[in-house]
Structures are given as structure tokens and as C-alpha cells.
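**Student:** Pasting in a structure now, in C-alpha cells, and then I'll have a few things to ask.
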Amino acid sequence: MGLLSDPNRRRALISLLTRLNAPICVVCYMAGVAWFMGLAFEPFTLRTYMSENAMGSTMVEERFPAGERALGTGREFSAHKKKAGGMPVDWLVKTMQSRGLEVFTQRFSRRLPFPDEDKERYMVKGTNVYGILRAPRAPRTEALVLSAPCSPGDDNNQAVGVLLGLAQYFRNQVFWAKDIIFLVNEHDLIGMQAWLEGYHHTNTTGMDWSPLQGRGGSIQAALSLELSSDVVTSLDLVLEGLNGQLPNLDLANLFYAFCQKIGVLCTTQGKLQRNDWDSVSGYSHAVQTMMLMVMKQASGRPWGDHGLFLRYHIEAATIKGINSFRQYKTDATTIGRLLEGMYRKLNNLLERLHQSYFFYLMPSLSHFVSIGYYMPAFGLLALILLLRALDLWIQLATPPPRTEDGVADAEQMSSPGVLSVLTPLVISHLTGVALYTLPIHFQEIAVEHFPVSETEAVVLTAIAVYTAGLALPHNTHRLLTGRGTENGWKVLKLVAVLYLAVLLGCTALINFSLGFILALTLVPVAAFVTPDVPKALSAFIMVILSPACTLLFSVFLFQELQEMPVSFLDGWMLYLSVISQGILDHALYGSLVYPLVALLVYPCWLLFWNILFWK
Amino acid sequence: SHAAIKIQPMRQFFSSGHTNNWAVLVCTSRFWFNYRHVANTLSVYRSVKRLGIPDSHIVLMLADDMACNHRNPKPATVFSHKNMELNVYGDDVEVDYRGYEVTVENFLRVLTGRLPPSTPRSKRLLSDDRSNILIYLTGHGGNGFLKFQDSEEISNVELADAFEQMWQKRRYNELLFIIDTCQGASMYERFYSPNLMALASSQVGEDSLSHQPDLAIGVHLMDRYTFYLLEFLEDIHPSSKANMNDLFKVCPKSQCVSTPGHRTDLFLRDPGSALITDFFGSVRKVEITMETINLTEPIHFVNEERQKETYSYVDQLPVSEIIHQKPKQKDWHPPDGFILGLWTLILLVFFKTYGMKHLKHIF
């Protein structure tokens, strides 16, 4: 007979499963964490290489000569920006036209759901200016984008200067097969969102923008430039985009290949890569770089203006110029040459970048870990949930060995009551919906009654709703008609464990970092919570492992990894601003982290909280 | 006596046996990064035209247009040497099959002559039994195939059969086949028709490498074998006496990195007696003489090299001897998955019918 249909064998397997369940779960958890940490170990990673045949090697001759003139243009831009008190639209239009581009502008406006205290804006009105360099001999079917943000103050003037310098140089070349769009966007991400929505005729976030008068064909790739100093010591590549989406690895490979050819120092996550992978400090450096990428990806926010291109399947990255205290400086001409080389290679593309990986982690700019290598770490954590579900299923299916009162137990054996399972589910999800909608809707009432600003009102309401959910179990049980049967919590836990497994699995597929971090904290909770564990201690542990506290710890860890550790009070203020930014990202750009946590992850955690306090 | 003295130069006069020359030059790859294949073909075209074959006798097939590609920084040119020394596109190129017309079917139809009646003369290979044909192929290839345009392939068997069709229809006198691709030698392994000579840029298992990276244009301009072939051909002029043995020496391993190969066993003349201009040039043998030659007397040739027996139409050469010359060594391979699966199935059925208790004895 077969392995599973033979009753003897089945009983043996089942007893193995139930006996060894807890040890296997612990082993799986540690294996998952160890696998994840091992990803940064250099022998387990692969060197990056160009996969796209059309882009080939760095075989081009870069001849951009006008770095100093570009810096001069940047200074002019800065002066006009100060005079106009914002984006100097007329001067930009005139300058771009004098360089031979077809120039268009786009006006946009947006009222934020509540004021953004980090960037100090609430009613946002702005103008994007963009110039299109038409390919001399090609049909206008494809385009490349180079963008620089118009930032308030003294930031990114040199970026706009280099952009205009490159525009002038590119205009004199005959080998462009795609149109090149030079975009200067105001109010960084909001302006970029308006431009992209206008370009692709979509309106997903409820912004007001004027339609674009000029278009250039389907955009194949985009680069965003952030440069705030005349000379730089290194160039940093930012890849993480909205909802943790990453551009095709070939774009990073292209950047790295040109950095090596031209001899510019290149970094990712602001960390310079080291050669001593076999020493402890070298390995920990790689781990820090990878952890920074994981945390940035998990936050679901776009970390550069490029982040919004990715959802339109346009491969995009941001190049930031960093000026630190190193001896060897790179001037604007070299940066211009690097960009020229990259654009000449992107010009050779015949189809969208698709040959290399879309899902990867980078412990350094020259090494990467692809999805096939990092997914087992998450798989091991998800396995714990499945083992727990199997264990519960077996417990529910086998009748209890002895019964005291035959009749009453027979009643118990019949269905534990759909209501006893459905009620906590519905109430948890309603709490989730409350957490999602209440903070923004009731901010006016909160501001009336409490001496707080709107942003603080929103954040504190969110935290209040979250904490109020902790009091739920005492109330749900009053609603339950029958008494909580012995098997009732098992059915609820089975449902909750499977729900969490599916939820985390789907999240990890789209945004591995978010799924993994949530799994790290929620899987132990899901695996070991029962009504029988000591209540006070497990309640404390559950709160520590809840999504909100995970976020708090992540904020502190993130600051530590960036080598800017903060005190507790500063960290707390940062935490509040992170929550408000999360809510704003969702409202402005459609980031899914806040709805995911509020509507799905938090109710799931509340189910386990319910089980803990099951009577 | 008087006639006998005159016979000597006339024997030389008719020693090669061909009266006209044709060339079929094919580039099979498209896209900007395959610039070098178009440059290869155009270099051979240029040499062949310079040595005398007119455009009406050249069938030029180019799968893509590099000169007018949007990415070409020097529009209307195709360079074979970096620093723009040599523009092989020139201003009098006649491309007969262009772009998507370069397909395996069209190539085979050109060779065998099976073209629809509406095909213009410039697209036909109108050769006869006294034509020497040069066939040059370049592109991406592998062991036994050549890739056409990213979507189809021609195999060495198909090519050999096409040449056999040409032989049976008497469409060539002698044929020189040159191929510059990776593993090019595999393409001439299967030839079995007489009067074929073949050259390839690399052996089976080797890659043909590119040459001349040009940073200004951004692509490789030529492949190594054809680059050195072009260099060699630039020294040939219409009255040159260089023969095929010199051609075999072009691009040794030190320059080409791959090992060029050639095949002459099907060629009935000694390769040393075949001139380069027999295939690459269209040399009209004209000799001005002031004396009269009496042609009413039959000219008696002493034919050492030429076959005297009459063959039936099909049976010019014992084909079976050529095909089975080298019996292939069959290496022993372990049984593949099918046989293993079959045995597993048999074992499972055995244990199922006779009971699992036998299984316990084994495990």
C-alpha cells in the first residue's frame, strides 16, 4: 500500500509530526534566519554581469567636454530659482529652447490629506518643465528620460546644470535612435507622479494636472540625477522604488560597468564595497549593506524620483552625487561622460531591459543574490506555519482519547461553531478598517479637541486605534453566544495560521523584504500562541512582536545601519514621522504598505491576540 | 608541328574549364550589434567587384541595413577598419536581397534556381555548367547550422543537398564555399557533390572571434577571419597567379585565435592549380594574336587529370564512396532517461504483482 494510505504508516507519520513539531519549527526558524544572513557572504553571491546582448560592453567613446559650462548653467538656474521663489519656468523654457529641444510645461496641484511636516507642504501647486530631443532619423516610437528635481534651497542646482549641458551636447549628435526627454520636476515625487500620469493617461491618485502637450513614445529607461556639489567623491546608485519594486539588474550592471571604465567610485546604499569578504568586519559590512537595502525595500516608498517609473514597467534608477572627505574628486565633465556612455548604450537597446533579474538583493554593487537564492529563507519561515497548521488539523481530526461525560462531549465534537470563528475574524477586520480610515477622517475632530497639529492628530489616532484593538478580546467574548469550546480556539488558530501563511507568501512574492521582516516577527507569534501559555509574559512578547513595535525597532536599526544612531526621544519622533509618511505615500502615490498592514496584517495579529485571551 | 607548337598555350588557355564567374554573398544577421557581419559581406563584395565580377553576376543578400541604421554615427557608411580607413559601402552597392527577404527559403531557391517566374534577373543565379561560383556566408552559427535572422536556421545537410541539386542540374563547374561563423567547419562536413572546395573560419567547438572594436561607432567592425581575408585579397589583382594554397594559409591560429579549416577532397583539380581569380575574379581570358590558328584540325588534348569515361547523368561520381568514406565512431552512451524509466516501470509492475513483501527483502 502507499505511504499515506497505509493506516500504520500514516499513524507513524502523524505521531512523528506531532511529537517533533515544536523542535522542527525552531530548527526551521533558525535555518531561515541563518540562510538570510548567509546571503551576504560573498562566496554565496554571484558577480554582476551584463545580460543584454544589445548593450554589450562599455565600448563607446565618451566625449562630453562641457562640465564647467554645465556648472555655470547650474549657478544661473540657482539664481533664477531664488528670484522666482520656486521653479523658474520661463528661464528653463527659454534655455531648453535655445538648446534645440521641443519644450513643454505641465501644471499640477494637489491637496495632501494632511500637512506633511517633513517637507512642510499641504497645498502643493507646481509646474514641470520638460524638453524633448527628437531622434534625428528615427521614428518617434521610443524614448529615454533624464530627470533632475527642482528642489527648494541650494539642492540639486548642479544636477539641473549637468542636465542642460548634456542636452546641448546630445543635440549635436546624429546617432540617437530614441527620443530623449529632459525633465525638471518640481516638488520631487509629486511632480514626477503628475508627469507620469499625464504621459501615460492614467489617473490613479486623484491629482489635478494639465495634459501633456508633447510626448515622445514609449519610455524604455529613465535616470534621475541628484547632484548638489560641484565636485563629487563618489556616485551612489539608488534602486528601490515604490512598493519595493526594483529596476532590472542590467541597469545597475550598466552603471557599475561604466563606473569601472571611467574610474569613478561607485556605491550603493552609500556604502563603499570592501574586498575582505573573509574577515568578520568585511562580512558585517556586506550584511549592513544588504540590510539597508532590505529595509528600504520593505518600507515600500520610492527612495528617489525614479521610484515612480517602475510601476509603468520603465527601468529607472537614481544616481546621487556624494561629496565626502576623500582626496580624489570627480568633476562634472566626468559625470557627464558617465551619463553620456550610459545613454549611448541604452540607445542601442532594441527591446525593454528584460534579460537580467527583476528580483534581487545587492550586498554590494558588484555582487547580487537572485530570487532563487533568497526565497528559501522565506520558505523555511512559511514552512513553520504549514507545520503548525498540519498539527492543528491532526488535533482537530483525532477524537479525544477519554471523555468524562459521553453525551456532552459528543455535542462538543460536532462543529465548534462557525460563529465562534467568524466573530473574531469580522471584528478584527473591522478594527483594521477602522485603523485604515479613522485617522484621516477624524483629524479635524481631533484637532478641535486636542492641542495637536493635523499630522500629529493623524498619527496619534492611528496609534490609539491600534492600542484600542488590544482590548478587543474581552469584548468579543461577550458577543459570543456559546462558551468558547476547547476546539474553538484551535479552529480559529488553524484559520489564522493559514491566513497568515497566504498573506505573507503573497507579500513576499511582491516585496520580499516586507514579507520576510513581517514573517520574522509574526511567525513565532503564530506558531506558539495558545490560550495555555502564561498570559502576562506572552502578551508582552506579542506586543513586542506586533507590526507597530517591529516598525519602531526597524527605525532604530535603520538609523544604526546608516551610522547615524538616534536617542530614544528622537527615534520616537522619527517613528511618528515614518507612520505619517507611510499614510501619505499611500494617499499620494499608491504605496500599498499602509493598507496591507492596517487591513490585513494587523487583523491577523489581532486574531492571535484573541486566541491568547481565549476563555 | 605548326599546330602542335600552338597547342601548348591553348591547353593552358582552357585548363580551368570555366567561362564565367558568379558570386553569392550572404549576411544572415540583423540588428545593430551584428554590424560586423554586414561589414564582412561587403568587404568580400568589394574585393569580388574589384577583381572583375560585375553586379549582374553577384547576388548580394544583406539581412539588415547598417549604413542607414539610426544608431550609425556616420550615416551611409559601413567601415571595415577602425579610424574609418575603409568604407566598404561605397557608392555603388547593389543589394539584391535585403532585410527580411534574406531567408533560408530564398537562399536555397537562389542556389537551386527554383524561383517564381516573376523574379527579376538581378535576384537570380543564372549560372550554367561552365560557371565558377563563390559562395560566402557569415553570421551566427553553431555545430551544423547557421542562424538566419534570429528566427530560422539552415543545416549543413540542407546545404549539402542544395549543392547536390545544383550539381545534378549542372549549375556550376566548380564551387568555392567560404563561411565565417562560429564552428563553421561543421557546415561543410556533409558535402558530397563533386567540385566543391570549402573554407571555414573555425573548427567545430571553436568560436570565430571579432576584430576591430571601434569606440566611435560603438560596435565591432569586422570578424577576424574576414579581416585577414580582405587584407589578403587587397593584394590580389586580376592577373595575379596566387592559388588556393595561399588562400588556405590566410589567418593562421596566431592571428585568428580559432583554427581555420578547409576541405578539398571533393575538388577534382589540385588546389595548387586553382587560381584565386578563378573564383574571386571574372577573368576574361583574352590573348591578342596576330597569327592565324587553324581550328579545322581537331585539337588533341593529352588529358592526364580529366576524367575520360562517360558518366550517366546522375552517376558522375560514385556518391556512396564519398558519403561513407569515414565511418563514424559510435561512442557508447549510457542508457538515457527513456530506458531507465522503462526499467523502473518494469520493476514496479513486477513488485506490484508479486507483492510488496519482496521489496522488504531488498531494502
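Here the Cβ of each residue, glycine as well, is placed from N, Cα and C on the backbone.
TrEMBL annotations: computationally assigned, not manually curated.
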**Student:** Among the residue ranges A:165-184, A:365-384, A:565-584, I'd like the one that TrEMBL describes as transmembrane segment.
**Tutor:** A:565-584
**Student:** Sequence-remote contacts (6 or more beyond its ends) of the transmembrane segment (A:539-558), Cβ cut-off under 8 Å?
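**Tutor:** Sequence-remote neighbours of the transmembrane segment (A:539-558) are 291-292, 295, 298, 463, 466, 470, 517-518, 521-522, 524-525, 529, 565-566, 571-572, 574-575, 578-579, 597, 601-602, 605, 608-609, 612.
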**Student:** Answer yes if the transmembrane segment (A:565-584) and the transmembrane segment (A:418-437) have at least three CB pairs under 8 Å among residue pairs 6 or more apart in sequence, and no otherwise.
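**Tutor:** Judged by the Cβ rule, the two regions do not touch, with the required three close pairs absent.
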**Student:** For the transmembrane segment (A:457-473), find every same-chain residue at least 6 residues outside the stretch whose CB is under 8 Å from a CB in it, and list them.
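**Tutor:** Contacts of the transmembrane segment (A:457-473) (Cβ under 8 Å, skipping residues fewer than 6 from its ends): 113-114, 427-428, 431, 434-435, 438-440, 442-443, 446-447, 450, 543, 548, 576, 579-580, 583, 602, 606, 609-610, 612-614.
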